[in-house]
Amino acid sequence: MNNVPVNEIQRFSFDNTNVRGERVLLSSAYQEIIKRQQYPLSIEKLLGEFVAAIALLRDIVKIDGILSIQAKGNGFLSALMTECDENQNLRGIAQWDQAQPVPETISLKEILAGGHLVITISPRNGQRYQGIVEIVGDSLAECLEQYFYQSEQLPSRVWLASDGSQCGGLFLQRLPAEQAKEGDEDAWSRFTQLAATVKEEELLGLETEELLHRLYHEEEVRLYDIKPMQFGCSCSRQRTLDAILSLGTEEVRQLLIEQGSIQADCQFCAEKYEFKEEELLGKLGDQAQTH
Ligand SMILES: [Zn+2]
């Protein structure tokens, strides 16, 4: 592959079967996320797997809105969050215990000891809902497979990879049987067995068409439109203001007495928001009147 940054997701399906798939590959969009902090390599890689995972998930769930995966635990990592909206804007962040050295290779179970994943779907219109996934196997891919099975009752397989400069993923799902043509009942096991031979360097180094050709050159693969993905933060002055005001009148007044103004930096994109006393006092006045 040439050195042009690839940030894209693409759907595919196999003709005359009930199996569909997705492939995501991210380079600069992922690098934009990890450059915000001095992450240890193992956390950079794990964050990359989460970013690839949210990209896949976002494209599979058919609603307008934001999807997020949050991981919470008691291991080296205290929290990790990644998010993607319907325009393929990605962001993510991890918090870890900087007092202890993080080993170079470590399983998800160890890194998030006793933790779990929270997958949140926040539609533009309507109620948001959350699914909790226990951390079972050794990998995020296994957790996601479990999530898909829990939420959609559809067998799904996921492969994720990340090396600190690129991240990528491959997803296969078996749709309900009525969509399949007769005579190809072993398609699912054949496709998943072939996908299981994928190597990390192929997931990260090959463009989708090339990757699928390598895995499935004897099959009829149908590729859909490529969707570009990018780093993008959903923070705004208004959302930051709302968050500050949600602290409550007393807290905000106290901060103003101590600091004169309130400054809040977005942890995802480093954007700085500053609110002066008169603006905040005005808003607190509005709040007091409407509540
Ligand atoms: Zn931001």
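A Cβ is built for glycine as well, from the same backbone N, Cα and C atoms used for every other residue.
TrEMBL entries are annotated by machine, without manual review.
Lifted from TrEMBL, the feature list:
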DISULFID  C233-C235  disulfide bond
DISULFID  C266-C269  disulfide bond
Query raised in the report: Can you tell me the three-state DSSP label for C269 (disulfide bond)?
Result: coil
Query - Number of other Cβ atoms within 10 Å of the Cβ of C269 (disulfide bond) across all protein chains - result: 16
Query raised in the report: What does DSSP call C233 (disulfide bond) in the simple three-state scheme?
Result: coil
